[in-house]
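In TrEMBL this protein carries:
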DOMAIN    B:65-253  domain 'ABC transmembrane type-1'
TRANSMEM  B:7-34  transmembrane segment
TRANSMEM  B:66-88  transmembrane segment
TRANSMEM  B:100-121  transmembrane segment
TRANSMEM  B:133-157  transmembrane segment
TRANSMEM  B:178-211  transmembrane segment
TRANSMEM  B:231-256  transmembrane segment
């Protein structure tokens, strides 16, 4: 781990020529000279309709300069279409896109000056590594010597300068990913758009690249809009996460915020694991309504995360509690996973190994949790934060 | 298992049969072209290259060969440019509209050539363009266009559109994205279409019979009249040259494709 971090430090040193150049204001012709840091992006009422299907439906959000925003959603949620509209590669049916306050909705993609990393990388197979990375600079009419210098600096940043003469097909998936990143960064765009860039990589490589992308983003200070269906990736990398479903933005916020305070049952169920119960406030506190009696007056829908549940030993109390019978115990590594059958329906529990002890299926248990760890939803499915203390 | 083996055997047999049927005429014609006699015989009774000499020196045969080459090269060029443009346009349509229009582009391969030939003959006669090479080139372009369209559409369908998108996002105008990215990637498809167009035009006879005049005889038309009016072994020599040339072009194409494929992979 520390070796890896050290390697990354070196990568950051490699990035420094770009910085010096920026500070010296030596940007070549055709390259946007204005932004030293990332640019802010505002998306207003953006829609994309295909016939009667609404791929993206009235989406609005804004990203601050230098921020890392992830659009998270399952396939068909409209996240990629949103990203491609920002890139200018899909025409919006309605709405506006502003970069640093300027409306770019009508601008062709080549004039938007955004770096884009595509799913499957979209490297040019008929060019070698150097020519791939040099491509955006050539399109901007930059001198040969300057191209050589910048491509070298960028390839050093992704630690692949030694592969400059290789054909794209000779590189591994991770290396191709880095080249795609280098190609999207070499012209120093203020914003980097990434469309499921890690989709084709194995887990270990993905974790390493996630860290590298994050470090590069922070060292360059650029704005990143990242699209993924991988929750963990989204939570790990982002300053804020926007959850999309059915073409709409469901909720946008910092990773902990959307995890701990989901605004709708959909977001609560989508992110991580969750148990949905109905609860009712009583004179002394809370009680859990049994399954079936759900519509009894004054009950609310509540969500509690499996890891926020605890086993209560006899005599112990909690703000809320529920008795159940263990249906099964699983150990996938890390925490123990339990499913218990309770009067309120099946409830999932995550316990530390020591807390779970020698618990077996068929045993009776009492589950307890704090009302702090519970999210309440009103009748219209909106979170009722005001009722939670 | 036993049934599968029987099926395999039947397939192998029919492939061999088909191959033999295709190769057999050449196995007769090529030896016959080296015959020293004044008429076509098989097996040849004496060996000679005199008919090749006639083929290469006789102004009529030379003229026809030259005409065929000019027509085939120009046809291939025109059909390749038109067909590639058409394919690029087709890719911008919805899948449904595209498949509909592709079948429209395939019509010349379905409509009997003689019908297109008669139609074009009438048109050119009215416009006074009959009997020249230009008319033949127009006719051949009509017939060969589908080969180019189909090959280029296939190449474009295989290409990841994101490559073009990447080029645009990196600062390339649509024209430069096409020139620097799309064209090099789909090049094998275009080349295959061009070679098909060339070969098809080079061996085409129905259109040429209708549209050629005294000064614009193509090689197949000359061979046709050679068979009809004088059974002269020069026809055999011409056919052999024809076959060898065609094989060489197809082989070259295969070689280039393999080279390209290797370069793409490694």
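Glycine is no exception: its Cβ is also placed from the backbone N, Cα and C atoms.
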Ask   = In the same chain, which residue numbers or ranges, 6 or more beyond the ends of the transmembrane segment (B:100-121), come under 8 angstroms Cβ to Cβ?
value = 86, 90, 93, 130, 135, 138-139, 142-143, 145-146, 149-150, 153, 204, 206-207, 209-211
Remark   = Sequence-distant residues near the transmembrane segment (B:178-211) by C-beta distance (under 8 Å, 6 or more away from its ends) are 68-69, 71-73, 75-77, 79-80, 83-84, 88, 113-114, 116-118, 120-121, 124, 130-131, 135-136, 139-140, 143-145, 147-152, 154-156, 158-159, 163-164, 166-167, 172, 218-221, 224, 242, 246, 249-250, 253, 256-257, 260-261
Beyond the flanks of the transmembrane segment (B:133-157) by at least 6 residues, Cβ under 8 Å = 67, 70-72, 74-76, 78-80, 82-84, 86-88, 90-91, 98, 102, 105-109, 113, 116-117, 120, 124, 182, 185-186, 188-190, 192-194, 196-197, 200-201, 204, 207-208, 210-212, 216, 218
Request  = Could you pull out which residues elsewhere in the chain have a CB under 8 Å from any CB of the transmembrane segment (B:7-34), counting only those six or more residues past its ends?
outcome  = 40-44, 47-49, 51-52, 233, 236-237, 239-240, 243
